[in-house]
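Everything on this sheet refers to the single structure shown next.
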Amino acid sequence: MSESGEMSEFGYIMELIAKGKVTIKNIERELICPACKELFTHPLILPCQHSICHKCVKELLLTLDDSFNDVGSDNSNQSSPRLRLPSPSMDKIDRINRPGWKRNSLTPRTTVFPCPGCEHDVDLGERGINGLFRNFTLETIVERYRQAARAATAIMCDLCKPPPQESTKSCMDCSASYCNECFKIHHPWGTIKAQHEYVGPTTNFRPKILMCPEHETERINMYCELCRRPVCHLCKLGGNHANHRVTTMSSAYKTLKEKLSKDIDYLIGKESQVKSQISELNLLMKETECNGERAKEEAITHFEKLFEVLEERKSSVLKAIDSSKKLRLDKFQTQMEEYQGLLENNGLVGYAQEVLKETDQSCFVQTAKQLHLRIQKATESLKSFRPAAQTSFEDYVVNTSKQTELLGELSFFSSGIDVPEINEEQSKVYNNALINWHHPEKDKADSYVLEYRKINRDDEMSWNEIEVCGTSKIIQDLENSSTYAFRVRAYKGSICSPCSRELILHTPPAPVFSFLFDEKCGYNNEHLLLNLKRDRVESRAGFNLLLAAERIQVGYYTSLDYIIGDTGITKGKHFWAFRVEPYSYLVKVGVASSDKLQEWLRSPRDAVSPRYEQDSGHDSGSEDACFDSSQPFTLVTIGMQKFFIPKSPTSSNEPENRVLPMPTSIGIFLDCDKGKVDFYDMDQMKCLYERQVDCSHTLYPAFALMGSGGIQLEEPITAKYLEYQEDM
């Protein structure tokens, strides 16, 4: 847009302000930079058409460059030089760093950053800030606003002798302010300077002609309708806008001015309507406040009624328990008194012994008859001791499972919105957390709010909230070895559903270690089949194995086929997970040092003698006899849908204690600091087996297969993983 066009546009707006249709204060918020929250200073127009100060753009890019360098250094892992997948904190940095740096520069230059106005990523391209237009119109309006704000402060003449006079004009060509006398002296009639453009007193001087940022010597004289930005004729002939539809600057100026003027007139004409709508909104806000408080009071009343019913039932149940307790204690007391009387029968026994001394038969029979009845009764009590009452109160255990379920489903009337349900099968935690939920199609929600918090035994932590438009969300930066609770609620219009049932998930004990299967070191392509992504391997128990079996004689057996991870570990804590296919016959998983792997891989592949004791990492009897807690490897056996705990001299070796159902997903936690390796059930994040391991050497994730079998590495949870799940 030309200089005269911009000034005409500004003059039109200032005319509206002068007429009182628009106050200068009302446009103040349009003159504030969204980054620094101050009046614009040398504003630049971003590709998203928002403006931002020149210094703010530089600060944003420098901040992102610093954060890139910091994150890169923090996440460098000497023990994992071939680590491919970044940590969650790197996702944003990767997203904002794209190709855009000087050819001879070794450090990538950040050219993408989120616009502070719309929060969408804007790409500055290879030219960076130099490719942005300066918003002269906005700059002029800001300067006029500053002048209106400091009307009492005059701009002095730049050429007067001391003391200077107040300026009355500013020359845009000379970039100076003049009083009337100095202006006449320095712009004499009949000279070229007399044709200079002048405006009211200002301190903001701008170039008279807009130059193309891509072709710095060319003037802007056309407007690209596709990119919606001014261009020069070279841009149209062979530049980035060669195949775009362009129009003349005068035509674009006329069209845009008509649209802007029409829209401004419409907005000004609707001022009374807007004020009426604002009043209506104020009434609606007050009504909403009252209705919300009334709804809270009604909810409190309903819950208080439930509390009263519960208190009444509680009192009744406790009274019944107390009555039963008192009755039983009374029976025990009576029985105890009876047995206390038996102790007092010592005198009866003595009396009976004296009666036995009576020699007169008639006198003896007369006395002994009743005495015998008393002795017989005491004897029967001793022979058949039975407590007078039961001590157990099992019949008085309150069953609240049904009521608890009903209370958990407590919701609003059907006029509200149904409660979403979290899909436990599709929700999981690995390097990040993936939470998936579903909602009835007949009651589709506009949006959802996912809430999560870390479960802490010491104190109650507040819930973190994330607004989601879909029915799934990936949550990053969760703490390791922690337990989190997740719940979701739905929104439809102004209606909010209650929260769903909470889902409890456990995070891995250490950061996820990313690797792929190594297709070079020890990989036997005759027996093993590796996919293109190198995250899945299968054992082919087919024709090649039958050919190998021809050479197997009595006392010989086939060896394992090993495959390892392509990245070694020398320090730190690492966790990885995988799935063993249910049809697998025999699979060994764990860790092994590079030296031990070379020893295993040097052994004959097709057949070996049983006299050669191959190190399996567990179950052989010789290993039981010489259990070494500092061995440089640890492997466990999985097969036929069972997980076998290795034998140990310190624990029970009974089969029922060693054979467990095979988990759906198995995790391995290697702690080089403590020199141990743990095997986890990923579904419950529960440790199944722990063993010491020598971490003085480089350790590799190790796998071995025999017969039919398959291993699938757990895929990290990323945005691509979420897209794949949604497609399924």
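Each residue, glycine too, has its Cβ placed from N, Cα and C.
Between the stretches 154-192, 466-504, 661-699, Swiss-Prot puts its zinc finger entry on 154-192. The stretch that Swiss-Prot tags with zinc finger, taken from the ranges 207-249, 336-378, 379-421, is 207-249. Matching 33-84, 553-604 against Swiss-Prot, the residues noted as zinc finger span 33-84.
Taken as a whole, the domain 'COS' (356-413) shows an average pLDDT of 77 in this prediction. H241 (Zn(2+) binding site) has a Cβ environment of 21 other Cβ atoms inside 10 Å. In terms of DSSP secondary structure, the domain 'Fibronectin type-III' (419-510) contains 3 helix, 43 strand, 46 coil. H215 (Zn(2+) binding site): 15 other CB atoms within 10 A of its CB, across all protein chains.
Secondary structure counts, DSSP: the zinc finger (154-192) has 8 helix, 8 strand, 23 coil. In this structure, C212 is the one among the binding-site residues C212, C235 with the smallest number of other Cβ atoms inside 10 Å of its Cβ. What surrounds the Zn(2+) site, by Cβ distance within 8 Å of the Cβ centroid and not counting C212, H215, C235, H241, is the set E214, E218, V231, C232, H233, L234, K236, G239, N240 from the same chain.
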